[in-house]
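Feature annotation from TrEMBL assigns domain 'CWH43-like N-terminal' to 8-238. Per TrEMBL, the feature transmembrane segment maps to 52-72, 92-113, 119-145, 157-176, 224-247. TrEMBL lists 256-291 with the feature region 'Disordered'. Sequence annotations record features per position, and here TrEMBL assigns compositional bias 'Basic and acidic residues' to 260-285.
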Amino acid sequence: MVTIWTPIFPLLCCLFCFIGIVSGYAIGVALDHLLPVLPIISEGGILIPERGVFGTFINYSAVFWFFTNICLYLHMKDHVQQHKPHSKVRHFLYVMLFLGIFSGFGFTLLANFQLSEDLMVHGLGAIMMFFGGLVFFVCYIVFTLKERQYTSLWMTIIRMIIIVPAGICVFLQQIFNDNAIIVVAVNGTVPPLPEKVDGINRIGFGQPWWLNHLVSSSAEWTVAFLYLILVGSLAYDLLGCYIVINLNDYDPRRVKRNVKSSDSDQHGKGTDKVDTKSEEKDDQSSYKSSY
């Protein structure tokens, strides 16, 4: 029997994402690929060697995010079936599962399609991840408000406090990203965005686009860490939830022998077949949660 403690999935999701973001930034700055003052997070995944480290850890994080969503869906479904078996809320869970997988798929696009090589796919992945994750957590908060017994009220309040600045940062990042919102005019005209060097915006302090870039990158870094807090908080809701996999001994020779004996025994034919089927179903898995 193998027992998996499901809170490990959101915790590992946060850990691998944090390592990927920080290592991409640290290696890029150490090799002078990035400016040290708040570069765009994805720029830590453009050049070798930080690109390999960044992409690897982000992909692992996305995998654990998928597992987290599946466990959350099973846990919420189990809660609804126990407390409100006829509630229509159970249909809402499918929407949340889709949103979680949708945002996770965007996460993988962001990791595997570099900002410098395929901007459209990378940007699509970022939109799927940021906006999909935002809508997912809004729906999750609505669910916890409706189902008061699902989790503690203080945890829901904390998530509500976090989701507000996270949503603001998502929109700020999209608005200020490569758009001249607060660019300093030079000789009465707004200068164009400086050309990228190796696919990286090297906009330093004092340049006309620096303040615009600072708002965009600050919003991106802020929402990234706020999302990590939100994802990590899901481990609290999954406490007491386990995936139990029973790995019983399975002997195909014994099953085959029982089938032959059942064929030769006309009177015990039906009973033996039932026993054979029960032996074939020894290997099974289950999801258990406690309240």
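Positions of Cβ are set from backbone N, Cα and C atoms, glycine also.
Here the listed stretches are 52-72, 92-113, 157-176, 224-247, and the one with the most C-beta pairs under 8 angstroms to the transmembrane segment (119-145) is 92-113.
With a threshold of 8 Å between CB atoms, the same-chain residues lying at least 6 positions outside the transmembrane segment (52-72) that come near it are 6, 9-10, 12-17, 19-21, 23-24, 27, 44-45, 96-97, 100-101, 103-105, 107-108, 110-112, 140, 231, 234, 237-238, 241, 243, 287.
Through the fold, the transmembrane segment (157-176) approaches residues 127, 130-131, 134, 137-138, 140-141, 144, 182, 212-213, 215-216, 219-220, 222-223, 226-227, 229-230, 233 of its own chain, all at least 6 residues removed from its boundaries and within a Cβ separation under 8 Å.
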